[in-house]
Amino acid sequence: MVLTMSDCTICNFHQSCDSSEILARFGEFSVRHSEQEKKLKGYLYIEPRSHWTSYLDWSQESFLDFGKALEFATNWIYKNHSPVKIYTVTVSEMVPHMHFHLIPRYSDDLKGIDYIKLALQGKLLEDQSIRDL
């Protein structure tokens, strides 16, 4: 099944103009909170507002704006949640609209791909993911 822009959850989010979840904008890119279902404080997305499915869609200015968005997002996570590490992942298979997951890790109990997989699925156990500050 191929999604069209009208079927795209990310396009629909940005067209709804619900800016309450958006922390900042840098050119085409928005930095926003993930869904509560992820159960992970500080989990953010960086997304272009346009329906880009490949780096070939990006301009030189877009790459610069993405760098600014990434800098803002990582600084925001460290300042507000103090994780041990932040993973940055893009897969864009379930939703072809390019987007980046910034996934904070708060302990050394579970690391790497195993942690990322559970975080992406919203299946981290509370003691593996959330640290109340």
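A Cβ is built for glycine as well, from the same backbone N, Cα and C atoms used for every other residue.
Worth saying up front: this structure is predicted, and the values here are computed from it rather than measured.
Marked as domain 'HIT' by TrEMBL: 9-112. For 97-101, the entry in TrEMBL reads motif 'Histidine triad motif'.
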Review point. In the same chain, who gets a Cβ under 8 Å from the motif 'Histidine triad motif' (97-101) while lying at least 6 residues past its ends?
Key: 8-11, 34, 43-48, 51-55, 57, 70, 87-90, 119-120
Revision key, fill the gap. Taken over the motif 'Histidine triad motif' (97-101), the predicted model's pLDDT averages 96
Revision key, fill the gap. Helix, strand and coil residue totals from DSSP for the domain 'HIT' (9-112) stand at 39 helix, 26 strand, 39 coil
